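TrEMBL has this to say about the protein:
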TRANSMEM  21-42  transmembrane segment
DOMAIN    22-516  domain 'K+ potassium transporter integral membrane'
TRANSMEM  62-83  transmembrane segment
TRANSMEM  150-173  transmembrane segment
TRANSMEM  193-212  transmembrane segment
TRANSMEM  267-286  transmembrane segment
TRANSMEM  298-319  transmembrane segment
TRANSMEM  339-359  transmembrane segment
TRANSMEM  391-411  transmembrane segment
TRANSMEM  423-442  transmembrane segment
TRANSMEM  449-471  transmembrane segment
TRANSMEM  477-494  transmembrane segment
TRANSMEM  514-534  transmembrane segment
DOMAIN    528-782  domain 'K+ potassium transporter C-terminal'
Amino acid sequence: MDLGREKCWGNSKDSWRTTLVLAYQSLGVVYGDLSISPLYVYKSTFASDIHHSETNEEIFGVLSFVFWTLTLVPLFKYVFIVLRADDNGEGGTFALYSSICRHAKVSLLPNQQTADESLSTYKLKQPPESEKSNRSKVKMLLEKHKSLHTALLILVLLGTCMVIGDGLLTPAISVFSAVSGLELSMSKQHHEYAVIPITCFILVCLFALQHYGTHRVGFFFAPIVLLWLICISGLGIYNIFVWNPQVYKALSPYYMYKFLKKTKTRGWMSLGGILLCITGSEAMFADLGHFSYAAIQIAFSFLVYPALILGYMGQAAYLSKHHQMAHDISYYVSVPESVRWPVLVIAILASVVGSQAIISGTFSIINQSQSLGCFPRVKVVHTSDKKHGQIYIPEINWILMVLCIAVTIGFRDTKHLGNASGLAVMAVMMVTTCLTSLVIILCWHKPPIVALCFLFFFGSIELLYFSASLVKFREGAWLPILLALFLVTIMFVWHYATTKKYQYDLQNKVSLEWLLALGSSLGISRVPGIGLVFTDLTSGIPANFSRFVTNLPAFHRILVFVCVKSVPVPFVPPPERYLMGRVGPASFRSYRCIVRYGYRDVHQDVNSFESELINRLTDFIRYDWSRPEAASDGQEDGGFGSSRSSGEQMLAVIGNLEGFEEHESITQVSVSLGFPTVESMGDITEMNMNPRRVRFADDDDDEGGDLRDVHMREELQDLLDAQQSGTAFILGHSHVKTKQGSSILKRLAINFGYNFLRRNCRGPDVVLKVPPASLLEVGMVYVV
C-alpha cells in the first residue's frame, strides 16, 4: 500500500493514525540533516566576520535572523507552497522539471510518443478560460526558443549537481561538528590529533555500511532524531529560564536591523553561516514521495520547527551571559557538564542519521539523472525488495567517501566546511524557487504576477544569502562551485552525445520493406530462438541491426525490437508499462516492444524482464487475432495480419492480466496508432476488451473464424518453441566521432569527453544485467 499518496487531512481514525505514523517515520529520513544544524550554525557565523560583544546585539541579531529564516524558508516556502508542487506525489528537482515538460513542450528527451500522454500518471490540468492568454504567452515563449529548453535543462542539472555536492559536504560538517564536542574534555593539542581521525573513522564506517541498505537499520533513525530534538529543545528551555528569560525579545525583526547597522559589511558576510540553519530543508520536498504532504507538514510544524527555535534560543540565552565565549561559540559549551557526554553520543548518532539521509538522496537523484540520459551509466543495486526506491550505487558511494574524507582532512574546521555547504544549499534552493515559479504559471495556471511575487520575495532572500556565501569563495565556497562545474560538464556532454546518437539512429533507420526486399538476394535464414534487439528508436529498423543482417544474413525465428525508454512521470503503473505491436506481417514473427519507466521506477532484472516480455507478447498475439479488424486485415495479405506501408501496425498497451478473475467482464486497454516519435504523432483511442478473449487461446469465440484461430495457435506455438531454444540479447557497441569541420568545442566534447566516459562507465549489458552467454554486441560507428 502506498501511504504517500494522501494529499489531504484524513477524516477517519485510520487515516489520522496513518498520517501520524508517517510523520514519526519522516523524522529519521527527512529531518536528520535539518535537526543537527544547531551544532555548527553559531560557530560558523561567529568564526571570523563578527564577534560576540558585551551589548549582545550580535548574538540577538543572529538569533533574529535564524528565527525569521527558519520561518520564511522551510515553513512558509516549503511546507505551505513548494510541497504542493508535487508530481503525482513525488517531489524534488526532477519532479518540478517533469511537471513543466508535460505542460509545455520543452523536454529534450528524444523518443517521446503521443501514447505516453494516455498514461494514468500523465496528469494535465487544463487552465481556466480567463488565464489561457497570459499562460499561453509564457508557454509559447518557452516552446519557441530551443535555447530556453537547453537553459532549463542546465538549470536542472545545476540543481542536481549542488544536491550531489551537499551529499559530499553534509556528512563531513555534521560528523565533524558532532565529534568536536570532545574538545571540552581534552587539551587543545590532543583535540587536534583526535577529532580528525575519529571523524574519518566514522565516515568510513558510514559509507562502508551503505550496501546493506537503509531498511536494515532505518528503524533506529526516527527514535534517534526524536531523542535529539527532545534533547535540544529541553536544553533550550533550561538555558532560557536559567540564563536569560528575556531572550524572546530577539525574535523581533528590529534586532536584524540593529545587527546589520552595527556590523555593516561584516554582518552581511556572516550571513553565510546563518543560512546553515536551513540546510536539509530541500529534503522535505525531495522525500515527499516516501511520505505524505500532511505527515511532513505535521512533523515540521509541531515538532521540528519548535524544537529548533527553542534550541537556538537556549544557545543565545547562554551566550548572552557568557561573554568570555566570544571566540569559542561551540554548541557543547551551553550543555551542562552532567549531561554533556550523553548529549555528545546522541549528537554523533544524529549526525550519522542526517548524513545517511543525504547520501541516500544522492543515490536517488543520480539514478533519476541516469534514467533521463543525463548521467553516465552506473550500477544500481536495489537494497530492499519491499520498500521502493532504496538503492545503492557502488561507484558513487566510494567516490563520495574518498572526497568526503579528503574535504575533512583538507579543511579541518567548521568555518570552511560551513562556507562550502552553505553555498551548495542556497544554490539548490534558488533552483527550486525558479522551477516552482514556472510551475505556478504552467501547471497551476496562476497569473504571471503571482509567480513573479513568489520569485521576487523568496528569490531575494536566497540571493542575499547566496551572495554572502559567494564572497567566501577563497575560504571554502570554491569547492561546490568547482564540483558543480565539473559535474554539469559531464552530465551535459553525456546528454548532448546521447541525443546526437539518437538523431543519427533516427536519420539512418531503415524500413522493413528494404529488409524484406534484401532478404531474397542475401538468402536470410531464421535460426531457432528469440532475439531481443535493444534500440532507442520507437519506430523503424535501427541501422546497427541492418548492418548486422547484411554482414551475417541470419537472425532468430522470433525477433523483438525492444526500446527501454523514460517518460516524464515519476512512475508508470505496471499494467501500462508495455506497449506492444507488430513489425511487418504476422508471418514475419517480428514485434516491437516499448518498455516505459518513470524517473523513479525500479528497472526489472533480466530474468523477470524476459519472462514478463514473453507473457506480454503472448497476450498481445491473442489480443491482435481477437480484433474484428483482423479478419479484413487477413484478407489483404493472405491471412497474416495487416502490413502498413511503414511496416508498423498499431501499438497496444498490454497490461498484466494474470490478476483478473474469469467472472470480471472488462478491462481497459489503451491503443495508439504506430506513430511513436514527436515528428509524427498519431491518435490515441480507448477500447474495451474481455480479458478472457485475450488470455485464453481456447476461447469459444467463433466471430473471427477458424482460420484466425489456426494462425493464432501457430504463432503461439512458434513463440513457445523459440522460448525453449533460448534468448539472445542483441546490443549495440557504439563509437562516436564528430564530422569533419566540427568546432573544437564539439570535438573535445564528443571525441574526448564522451568517449572517455563511455569507456570508463558501465556498459549497457551491465545495466540491463544481460547474461554474458546470451550477449551479442554489434559494433557501430556514429558520425555526428
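Think of each number as a place in line: the chain as shown, counted from 1.
Note that Cβ sites are derived from N, Cα and C of the backbone, with glycine treated the same way.
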Long-range Cβ contacts under 8 Å made by the transmembrane segment (21-42), restricted to residues 6 or more beyond its ends, are 3-4, 62, 66, 74, 170, 173-174, 177-178, 214, 218, 220-226, 228-229, 232, 273-274, 276-281, 283-284, 287, 290-292, 294-296, 298-300, 303-304, 307-308, 311-312, 315, 319, 329, 331, 347, 350-351, 353-358, 360, 414, 417-418
Here the stretch out of 339-359, 423-442, 449-471 with the most C-beta pairs under 8 Å to the transmembrane segment (150-173) is 423-442
Quick tally over 62-83, 193-212, 298-319, 423-442, 477-494 of CB pairs under 8 Å to the transmembrane segment (391-411) gives the top stretch as 193-212
Counting only pairs 6 or more apart in sequence, are there at least 3 Cβ pairs under 8 Å between the transmembrane segment (423-442) and the transmembrane segment (449-471)? yes
Given the transmembrane segment (298-319), its same-chain partners at Cβ distance under 8 Å and 6+ residues beyond its ends are 19-20, 23-24, 26-27, 30-31, 34-35, 37-38, 41-42, 52, 59-60, 62-63, 66-67, 70, 74-75, 79, 226, 229-230, 232-233, 235-240, 242-245, 247-248, 250, 277, 284, 325, 329, 331, 333-334
Checking 62-83, 193-212, 267-286, 449-471, 477-494 against the transmembrane segment (339-359) for Cβ pairs under 8 Å, the most are found for 193-212
Contact count check, CB pairs under 8 angstroms to the transmembrane segment (267-286), set 62-83, 193-212, 449-471, 477-494; argmax is 62-83
The answer for the transmembrane segment (449-471), taking Cβ pairs under 8 Å and residues 6+ beyond its ends, is 69, 72-73, 77, 81, 268-272, 274-275, 419, 422-423, 426-427, 429-430, 433-434, 436-438, 440-441, 477
In the same chain, residues at least 6 away from the ends of the transmembrane segment (477-494) whose Cβ sits under 8 Å of its Cβ atoms read 153-154, 157-158, 160-162, 164-166, 168-169, 272, 369, 373-376, 407, 419-424, 427, 469-471, 749-750, 753-754, 757
On the domain 'K+ potassium transporter C-terminal' (528-782), the mean of the pLDDT values is 71
